[in-house]
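Visitor: Just lifted these from TrEMBL, have a look:
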- C:47, C:196: substrate binding site (BINDING)
- C:123, C:169: ATP binding site (BINDING)
């Protein structure tokens, strides 16, 4: 077994043992899936967005996940307060800029939130990472028009700006912080036919960041687990309804051996 | 193979090839399901409701789907702007008046939206179509108290009013525009035991309308595909939890042969 | 067959025959699941939260279910109006204080709603029932830090305050009203790995309360059915993705014999 697989497994054991409370301010489409994915991994999820209570909730949580998939004014107000509070308390912030680049509203909100409280990890597809880095990227709604490798320079620029980790997910996942790069080649194309798999990756990153303060490692581990659980699920049945169910089962049943067997991680 | 089955298949191939971006302003209950159904069919769904961004998003989308299932003021504001923009840009609008007739609020909002931007396709159950046509129909919350045939006159009146297509879904689906009528007898009663199958039919209609500018055909094709995928799913296992999963798998795995074998389409 | 199993079955037959309309104001995470669980049981669910229409909707419904899982100002305004209307019309109110104790906002909203319209049934985990009873309980977000037996005194205090039934769910479920106590030992620990199973129990309680005006019995029956359907689902496959699907199938396929075989109900 490689050192990396052991290190991933150590984090999973910590998540299962500690069941860290992960505070999600996320979109309506994926709330159920990401809560179930966090539970299947061993974490304790909660979805709390009201400005009246997000600061209280951040205070008792181990990580904050912010996802702009179905933005509106109430949610944006909650995100502002929660991110500021997480920053003040030193809790990890994971940010998912769903659909940034598609509308001015998403661009403005993302820019404002990033300036308010630099996320410890940002995860997006190539279009989103390029748009967030200020490049004039093209998007197709919430889907990327580029392979993940096209956004590596943008990710590095964004990491320099925030000081945090930037993850570009796609057929190949790039995890970038400063000069460091890890590359995950796990996963399966059918995962793009299930809504919110990217959002799930972001949520799981929150769980790993809650137990591993090396956020570069935490993000790498989360992307590896996503990809491996996805592969296991597709092998059960290559169809999108089944994949959604089998992915949760695979996360729950994940073993150290499966990780060691399947992990496709390199450092560049 | 009938010409109709071929024509349905041509639309599916277009959807799979073009992956049209379908902009949904829909209800909280079904966002996940309808996004997954659109993905399984081959389209690219997005759920975007904020008044701050719906106009931008309509501009990059190929069809707009508006569903009033869990209305509130923010969503209504978004629907107004989005429908006006879609009308201005000539993008197809598909409207689902969930629960209209059950409350004055739903009646007023539906009436206002219809006056603002006549939908290209309206899909509802018999109670909803009758209520929307101004008849004093009885509803049971979001379920119909009538067979779909009871609403044929109402649908024709509504089609005359909007100039668009009106679909009454039920054990038999009627697709009506002006004097034209198509009738789909596919589907299975167990589909009523899964929440949001009607909303899914509406969303899929958006995908067909995005690739086929004959909206009467597009709506007919969408209802046929719903019914056939539902039958295939029920045959896998006649139980509602399984149906939800197997329906997505069936949509994804749909073949020209299955459509040709099963299609029950007549024109009246 | 015990009298209790017969009595549960009688309620299920009523639900299947009458398909009572259950009005839910609930959280975003579980709307789809709880709608599907109500459909699988035989009820007719609707999710309606807008202040503009909740009073109209309560008027046509057979029970009101209020769940504070993802509170915000709009939902709170809807809850107020709906609960007041249900009280005025004598319709059963079932209340789920998700995460009460975790934030001041949840505490204040819960306190206000309870004072406005005492619920006929309150269902929560031990932490929530203790917090709601004014005890200084510790919570972990939306999960309990106590076994259900720890909250029996709190439940009795809360029942004295509201005059209604109080359910503490957990490995063992306690259903308490005044001096009466029933205890359900059905269920499986894996159910805690699927989000919203507690919320589903609350929603099903609404369906039982719609057909059985003895709310102590109705709540007892709902908890028994939850536990039994959960056991049947886990036996199909002990993994959380599968559990969510198999639970809905089990609810739909539930038989009098399965209830009689498995029911673990005692009165204390």
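Cβ coordinates come from backbone N, Cα and C, glycine included.
Since the structure is predicted, the reported quantities are computational estimates derived from the model, not experimental observations.
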Visitor: Going by Cβ pairs closer than 8 Å, show me which of the binding-site residues C:47, C:123, C:169, C:196 neighbour chain A.
Guide: C:196
Visitor: Count the Cβ atoms, other than its own, that fall within 10 Å of the Cβ of residue C:196 (substrate binding site), considering every protein chain shown.
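Guide: There are 27 such Cβ atoms around residue C:196 (substrate binding site).
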Visitor: To see if you understand the setup: which same-chain residues, six or more apart in sequence, place their Cβ under 8 Å from that of residue C:47 (substrate binding site)?
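Guide: Same-chain residues close to residue C:47 (substrate binding site) (Cβ under 8 Å, separated by 6 or more) are C:24, C:25, C:26, C:31, C:35.
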Visitor: Can you list which of the binding-site residues C:47, C:169, C:196 come closer than 8 Å to chain B, going by CB to CB distance?
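Guide: Cβ contacts with B, in sequence order: C:47.
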Visitor: Taking the Cβ of residue C:123 (ATP binding site) as the reference point, list residues of the same chain whose Cβ is under 8 angstroms away and which are at least six residues distant in sequence.
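Guide: Within the chain, residue C:123 (ATP binding site) has Cβ neighbours under 8 Å at C:94, C:95, C:96, C:166, C:167, C:169, C:198, C:201, C:202, C:205, C:219.
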Visitor: Tell me whether residue C:123 (ATP binding site) sits in a helix, a strand or coil according to DSSP.
Guide: strand
Visitor: Could you tell me which three-state DSSP class residue C:47 (substrate binding site) falls into?
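Guide: Where residue C:47 (substrate binding site) sits, the three-state DSSP reduction gives strand.
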